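The annotation CoA binding site is assigned in Swiss-Prot to Ala30, Ser31, Gly32, Lys76, Asn197. Taken from Swiss-Prot, the feature Zn(2+) 1 binding site applies to His34, His36, Glu95, supported by similarity to another entry. Here Swiss-Prot flags Arg89 as phosphate binding site. Per Swiss-Prot, the feature Zn(2+) 2 binding site maps to His143, His145, His190.
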Amino acid sequence: MDRNELERIIREKLQEILGAEKDDTFMVEASGRHVHLTKEHVEALFGKGYELTPAKDLSQPGQFAAKERVRVIGPKGEFSNVVVLGPCRSFSQVELSLTDCRQIGVKGVIRESGKIEGTPGILLGVGDKYVQLDKGVIVAKRHIHMTNEDAKRLSVKDGETVKVKIHSDRPLIFDDVLIRVRDSFRLSMHIDFDEANSCGYTSGMTGSIEK
């Protein structure tokens, strides 16, 4: 068992314990820069018939970090070795922090995942193969994944925005946190590395909705 798998199991056990002790507390996870690809773009970058290789399960059921990596190339710079998340989607999307966007010269547009109309494009590369996206670069709006049962218990609904208190050595309250409800989800809040740095993020950190 590798370290990432062990951390995932620990997070799940902590969630069970915290859920039993305090129903309104949930795990907070920090997401680094990453890419979602369509099947067409996977084949364009890695070869015809190519399938992503799962390397690590993510906290959301069925989602995984793939072994494959890409270059994200902007007007003023690029990031190499950017992780691809699977499975393939119906649209390609690049998720960066605002700091990342400034570094490579791309406009940072804060959006819910999947809401890519009107967002900047970017060039993706693997070796001598490239894919030009005409849209799809977003700064992910901070959000909480939950089931319908979780939403009922926490008195929130899909698409609502809430305030979340972060329990850490640098406690703060995040405003405008999006609620995303689907029964295939597992309860957890997702923030990016800029947000994680602002609250002194550590693995296993928790949050709760402020009423």
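Just so it is clear, glycine is given a Cβ too, placed from its N, Cα and C backbone atoms.
In the three-state DSSP scheme, His36 (Zn(2+) 1 binding site) is classed as strand. Secondary structure at Ser31 (CoA binding site), taken from DSSP and collapsed to helix, strand or coil, is strand.
For the pair His143 (Zn(2+) 2 binding site) and Lys76 (CoA binding site), the Cα-Cα distance reads 29 Å. Cα of His34 (Zn(2+) 1 binding site) to Cα of His190 (Zn(2+) 2 binding site): a distance of 13 Å. The binding-site residues considered are His34, His36, Lys76, His143; of these, Lys76 has the fewest other C-beta atoms within 10 angstroms of its C-beta. It is Ser31 that, of the binding-site residues Ser31, Asn197, has its Cβ surrounded by the most other Cβ atoms within 10 Å.
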